[in-house]
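Asks: Take this structure first; my questions come after.
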């Protein structure tokens, strides 16, 4: 029979220190003290050691955890840089592969530029610091087209020979001659020379792109003025905005393949492309341009949005002006480093909770992030392919959203803007560790040029 509370005094358990040795405890039951035998002392000693050991381990683990948190916790900073974000994610996501950082970057053997009012073609050979004027000997329109495409332009518009006697040159000016090797690579065909035998050099003009004549946020974005992004277009099905697009040439725009795939059963005559719009309220005064042909990338995957680009050929050309123009493609081998400040624009949702697109064009600045970072276990766990890139903030302050798909992600190189990405997909909008994912335009240059040239 168990004693009742009335039968005995309340039990009190407490530990007291016994003897000179610290940490050795004995148990007392209320005031009923008893003498402790030698075996009982030895038992208490063993138990005390066990308790001390456990407490010591717990204390050590606590201190170690505290130091680890102090060491690994990312410091808050208002500025965003690609390096800082990558460091944070590398520390917090063990096992992240840095494979792409280990890939050697090959030095460019030749660079081109078009300089001055005379549009003189210049070449920089084998990393020499000086720019060489190109001699006209051996020149061909095909070579001009190749150079224009390597600079991010869609096509060659004009080329001619210029007499050296008609321009002022520095005495130290040197030239580049084409080698006579048939079938050689363009990048290996240039030879520095002190003069041009014919006394003529090359003037080259490519299709205009990447300029913002009137240039003076999307979630977290701001409304933009007319002409700020002259290549921005709206792809409409009837009177409904479905996706953004970017103007490449008067007859061509590029958008996301998933935009067209979602409405693949729609009649071609129902599609219109509107360029130069800032507000969709002006659509009634803007007839738009009918779509002649929809050309999604042949390898597009609806499962993971790989190869998520499509070209739209227009029935009539877009009229270029101060508020409407083409964006440049990435120049050949052009690299925008992680952390580069780029811009995304569109008419998508301005708040993740909204169900309707914005009536006015929005834009926001986002930094480029490395693919290894976005493929980490903290973000997209390997979902990005080599045809994708991502941009945004780890804290989710600004991002593209529904309705922005197909629109441009552009990055500046001097005063020229290049189409680096096409808005493709993401998980949520402006959520932490969920930046926007874009089709990487540099991976589609050959397909774009081949498609545009043969039609």
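Using N, Cα and C of the backbone, Cβ positions are placed for all residues, glycine too.
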Asks: Looking at 8-28, 29-49, 50-70, which one does Swiss-Prot call transmembrane segment?
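Replies: Feature transmembrane segment in Swiss-Prot: residues 50-70.
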Asks: Using a 10 Å radius around each Cβ and all protein chains in view, which of these disulfide-bonded residues has the most neighbours: 411, 429?
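Replies: Counting every other Cβ within 10 Å of each candidate, the maximum falls on 429.
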Asks: Limited to the topological domain 'Cytoplasmic' (1-49), I'd like the whole-number average of pLDDT.
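Replies: Its mean pLDDT is 38.
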Asks: Using C-alpha positions only, work out which of the disulfide-bonded residues 196, 206, 209, 328, 429 is nearest to residue 243 (disulfide bond).
Replies: 429
Asks: Cβ distance under 8 Å to residue 206 (disulfide bond), same chain, sequence separation 6 or more: which residues?
Replies: 114, 147, 148, 151, 153, 155, 156, 157
Asks: When the Cα of residue 342 (disulfide bond) is compared with the Cα of each of the recorded positions 170, 209, 375, 390, 429, which one is closest?
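Replies: Out of the listed candidates, the nearest Cα belongs to 390.
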Asks: Looking only at C-alpha atoms, tell me how far residue 375 (N-linked glycosylation site) is from residue 390 (disulfide bond), rounded to the nearest Å.
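Replies: About 10 Å separates the two Cα atoms.
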Asks: Report the same-chain neighbours of residue 259 (disulfide bond): residues 6+ apart in sequence with Cβ closer than 8 Å to its Cβ, ordered by sequence.
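Replies: Within the chain, residue 259 (disulfide bond) has Cβ neighbours under 8 Å at 235, 242, 243, 310, 405, 406.
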